[in-house]
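A.B. asks: Here it is, the structure, as structure tokens.
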Amino acid sequence: MTSTTTHQGRRSLTARLVETIRFYGPLGFVAFGGPSANIVLIRKIFVQQQQWLDDATFNDLLALGNALPGPAFSQLAFSISALRGGILAALLSFVLLTAPGAIIMIGIGFAVKRIPDTLPPIVFGLFTGLNASAVGLVALAAYQLSKKVITDKTSRLLLFFSATIACCYESQWLYPVLMVAGGSTTIIVDSILAHRARQLARKTLPIRTETPQQVEAPSAEEIEMEVPRPQPAATKTNSIASGVDTSANVLLRRTTTRESKRYPTPPLEEESRQQSRNDTISSMEQQVEPEEEVYFNLSVKGGLAIGASFIVVLIVMLAVRGSIDHNRILDFTTNLLLAGTIIFGGGPVVIPLLRGYTVDPGWVTPRDFLLGFAIIQALPGPVFNFCGFLGVLVVSEAPIAGGALGLLAIFLPGIALKLAFLPLYQKWKTATKVRSILRGLNAAAVGLIFSATYRLFRVGFIQSDPTGATPAIFSSLDRDGFWVSTVAAAFVACESFGCPTPLAILGGAIGGMAWYGVQTTR
């Protein structure tokens, strides 16, 4: 936080909620491009402009978001708001961030039956332009964060291997394994280096074994005459007054080394120096600013209680589902709770699982599923908002309740586990071993963002299916050099010219429609 906030004293709950609305309200409408693309946006707002937190804390929260299930972007934004304004402010920030996109997806769920099987070609151009600019922003986020988290060769190698493995292989368990491997590697390497440093110190530093009884008495040659030196005026005056002759002071002095100081500091001068040091320390103590107010006051026990309560709820839901057959609402809710618990890496990873949970049982048609997935690419907010759309289709007898239930079930695991781990982070974030683990987590997390750049690039081009079998086909952006140029333009505009992230996304959308116009004239 800035020093200005420190001097303002403790802020009221109303002031914190108003501040949350001020900064998070617009995010819900401009957070296009997916989670990784929006990391650039919130880092610019909360780290560089508002200075709510520093780069180290931002990277730590990002790493924790990737190490826990759920959408990384939403969890990062939630954590920033929690540390800034408390739990209520964090919950409000989550609602503000997800509500616009979620409401639109619920509305699309009502209208999906009226949407034609094939969207107009200009819409696909718009979607592809949004994806291309988003890929550029994801690459920018990876580039900027890599400069912060790479502190040595170990973190550089961790980032590299995390990115390459995630590019070459895809699985539900891959993300947590890479995160755990990153944190384990750094703490092991740091422990080995610390052990070697201690061994080297023992070899190079001499060990003193002599005791005071072993010190030999000085020889006669080591007895020196102290050379008379001028006395300060104040010392002379005091000496004369006390009847001690200091003008011809010749004393014998024993020393243990010939390099001892011949002119020790006079008593009055030493007192003057000591007084000066005391005054300096007193002045520094008076200038120390009071500690910043902490509004996230959830205890470690409270956080663990929240995490344990969620696990109990999940186990009960699984048990009840096993005892009751063919209850669509119960099965849908339990499936989303389970998906929100086991999915690491956000939307791109959860989509195949959601398809199996909703399309395979026959609750949602393949056409509606792909159509909704294509539309959500052009909406702000997390991809998990897609579950609001699915809830409307699955619970057709109560579509609004179904949409709300789908959103609650998919987001609840990430929020509960985040509240469970944030107190632990606050308590132990300065510990040496914890910092070592976080260094590895940060490197692995940024490596996953690099891999997200590749994966989004591979599916960024959207077009209609000539055969009409599916509503849309997703392919690589390198099918046309224009999209590669759009990716590069978004990167350069934001990195070198300070272009706002929403403007870069808008530019990609306009470019996509312009591309369609050029294609139709050929």
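The backbone N, Cα and C atoms fix where each Cβ goes, and this holds for glycine too.
Copied straight from TrEMBL:
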COMPBIAS  277-286  compositional bias 'Polar residues'
REGION    209-237  region 'Disordered'
REGION    255-286  region 'Disordered'
TRANSMEM  21-41  transmembrane segment
TRANSMEM  87-110  transmembrane segment
TRANSMEM  122-145  transmembrane segment
TRANSMEM  157-175  transmembrane segment
TRANSMEM  304-324  transmembrane segment
TRANSMEM  336-357  transmembrane segment
TRANSMEM  369-393  transmembrane segment
TRANSMEM  405-425  transmembrane segment
TRANSMEM  437-457  transmembrane segment
A.B. asks: Do any residues, 6 or more residues outside the transmembrane segment (87-110), come within under 8 Å Cβ-to-Cβ of it, and if so which ones?
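C.D. replies: For the transmembrane segment (87-110), the far contacts come to 13, 16-17, 19-21, 24-25, 27-29, 31, 74, 77-81, 295-296, 298, 372, 375-376, 379-382, 384-386, 388-393, 399-400, 403, 407, 411, 415, 419.
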A.B. asks: Using a Cβ cut-off of under 8 Å, list the residues of the same chain at least 6 residues beyond the transmembrane segment (437-457) that approach it.
C.D. replies: 34, 36, 39, 59-60, 62-67, 131, 134-135, 138-139, 141-142, 145-146, 148-151, 154-156, 158-164, 166-167, 170, 175, 178-179, 181-187, 345, 348, 429, 476-478, 487
A.B. asks: Near the transmembrane segment (157-175), which residues from the same chain, at least 6 beyond its ends, have a CB less than 8 A from one of its CBs?
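C.D. replies: For the transmembrane segment (157-175), the list is 66, 146, 149-150, 182, 185-186, 342-345, 349, 353, 440, 443-448, 450-451, 454-455.
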A.B. asks: Which range out of 21-41, 122-145, 369-393, 405-425 gives the transmembrane segment (304-324) the most CB pairs under 8 Å?
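C.D. replies: By the under-8 Å Cβ criterion, the transmembrane segment (304-324) pairs most with 405-425.
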A.B. asks: So what's near the transmembrane segment (369-393) in sequence-distant terms, Cβ-Cβ under 8 Å and 6+ beyond its ends?
C.D. replies: 28-32, 34-35, 70-71, 73-74, 97-98, 100-106, 108-110, 112, 115, 117, 119, 126-127, 130-131, 332, 336, 340, 346-348, 350-351, 354-355, 358-359, 363, 399-400, 402-407, 409-411, 462, 470-472, 509
A.B. asks: Same chain only, please: residues at least 6 beyond the ends of the transmembrane segment (21-41) with a C-beta under 8 Å from a C-beta of the stretch. Say none if there are none.
C.D. replies: 50, 62, 71-74, 76-77, 81, 92-93, 96-101, 130-131, 133-135, 137-138, 140-142, 144-145, 346-347, 378-383, 449, 452-453, 456, 494, 501-502, 505
